[in-house]
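Report on the structure given below.
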Amino acid sequence: MARKMLIDGELSKPGEEKAHYDFDLFVIGAGSGGVRAGRFSAQYGAKVAICELPFDPVSSEVTGGVGGTCVIRGCVPKKILVYGAAYGPELEDARSYGWEVNDRVNFNWKKLLHKKTEEIVRLSGIYKRLLSNAGVKLFEGEGRVIGPNEVELIQLDGTKISYSAKHILIATGSRAHRPEIPGQELAITSDEALSLEELPKRAVILGGGYIAVEFASIWRGMGAAVDLCFRKELPLRGFDDEMRAVVARNLEGRGITMHPCTTLTKLEKTEGGIEVHTDHGEVILADVVLFATGRLPNTKRLNLDAVGVELDKMKAVKVDEYSRTNVPSIWAIGDVTNRMNLTPVALMEGTCFAKTVFGGKPTKPDYSYIPCATFCIPPLSVVGLSEEQAIEQVNGEVSVYTSTFNPMKNTISGRTEKSVMKLVVDAETDKVLGASMCGPDAPEIMQGIAVALKCGATKEQFDSTVGIHPSAAEEFVTMRSEMRRVSSNKPKTNL
């Protein structure tokens, strides 16, 4: 009986000589996506190897760690610091709930940093055990592609060894981008920000994305003076404009100084700190300057050009709908492909890869209705289309429902921060196209809303759902009144 080959081949012919490889799959990069793809491929019976750079909380071209950006210097340590920062305002609010909190409450940054490091080391160890339990061979060192079916491993002592593999998977993630301005060496990226020896008293942040608003919230919550500079009128470009404005108000309300339509022109070291010069002629004095200006795919040292793998203008690996490159034996998933750069998306892509290549079930990643969250304080979470995207994509009219309210907890504490919820609906079909929330517990609520949208829920079905009382989440099923109806930019057609 002919042995069924992997997806890139057809059934082998009787008597046909088969190529021998050291591994069925060699994964370069043991972050979330790479580990998922390696484990699941092994569960389908593949012989799998994976390589990763040695562990370090701050990444470089020669350091990394099993678990990747999310576990070591991204989502997980960031969320730990967000939790830590939230206690400051919570302690202030506690007084209104009868807690006699002393006027002077000390915060020990080094203690939190130590706990954070302990946790990421623990999680990295768990990832290693997951690989081991799945039968995946883990190599520590730098991997590079030297042929369509060959990976060169540069070991820690500098020696090189090559391995052949039927399939090679690139899962090397991304790295922080540094804008080229005079004095840029004085600034740090999110890598260093998560491991600072001393908590800054004055911080300037350049950027308006996830990382920028999250670190603004973290440092402000811990008592630092924070200036946030960003190029657009509002932070979080790409999100719903109404929700972006809510986030901006909340950041400002918590004491962060906002500098919209602003960029930095140079940094200078002085006795008093770092002088930060803006394009409006302002000079801000800071202890720390954080560049949160995006991330770039980690392809520089992979030798992909030499083997003919196509990259785009951002140096991301170009792939098809199944995550396959133009070289049939080489695949890529996660941030290195610059599709949708979220950890759960990399996990999905890794799962689909394993099903496609080793599970006998070709599976395309599905990028519809993927929820996400920005962990500023309070957080913003969304799923589906923004109002602007819906207007652009829908044939016909878009109904918008919103609810703005003072969270119950704030009625006692006296905090004036509002929660805002929003539903975007196709007026003709009644299908809910998008949901947004800015307020406490938004990500926890939005995960459940995402299931409903993925299932094609209508506004009528939202309205017929009984809410949990008293809760913020019940607002999503009690927004009965249409706030506005907006006509689509596209002419209605029956074609």
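Cβ atoms here come from the backbone N, Cα and C positions, even for glycine.
No curator has checked TrEMBL annotations; they are predicted automatically.
The model shown is predicted, which means the values in this text are computed figures rather than measured ones.
Residues annotated as domain 'FAD/NAD(P)-binding' in TrEMBL: 23-350.
Residues annotated as FAD binding site in TrEMBL: LYS79, GLY143, THR172, GLY173, SER174, ASP335. Cβ-based neighbour count (10 Å, all protein chains) for THR172 (FAD binding site) stands at 30.
Among the features that TrEMBL reports, NAD(+) binding site is placed at GLY207, GLY208, GLY209, TYR210, ILE211, ALA212, VAL213, GLU214, GLY294.
Taken from TrEMBL, the feature domain 'Pyridine nucleotide-disulphide oxidoreductase dimerisation' applies to 370-479.
What TrEMBL records for HIS469 is active site, proton acceptor. Using a 10 Å radius centred on the Cβ of HIS469 (active site, proton acceptor) and all shown protein chains, the other Cβ atoms total 8.
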Around the Cβ of ILE211 (NAD(+) binding site), the count of other Cβ atoms that are within 10 Å: 23
The domain 'Pyridine nucleotide-disulphide oxidoreductase dimerisation' (370-479): DSSP-derived helix, strand, coil residue counts: 36 helix, 35 strand, 39 coil
Cβ neighbours within the same chain of GLY143 (FAD binding site) - under 8 Å, at least six residues apart: PHE26, ILE28, GLY29, CYS51, VAL151, GLU152, LEU153, ILE154, LEU302
Using Cα positions only, nearest of the recorded positions to ILE211 (NAD(+) binding site) (THR172, SER174, HIS469): SER174
Using Cα positions only, nearest of the binding-site residues to GLY173 (FAD binding site) (GLY209, VAL213, GLY294): GLY294
Shortest C-alpha distance to HIS469 (active site, proton acceptor) - which of the binding-site residues LYS79, SER174, VAL213: LYS79
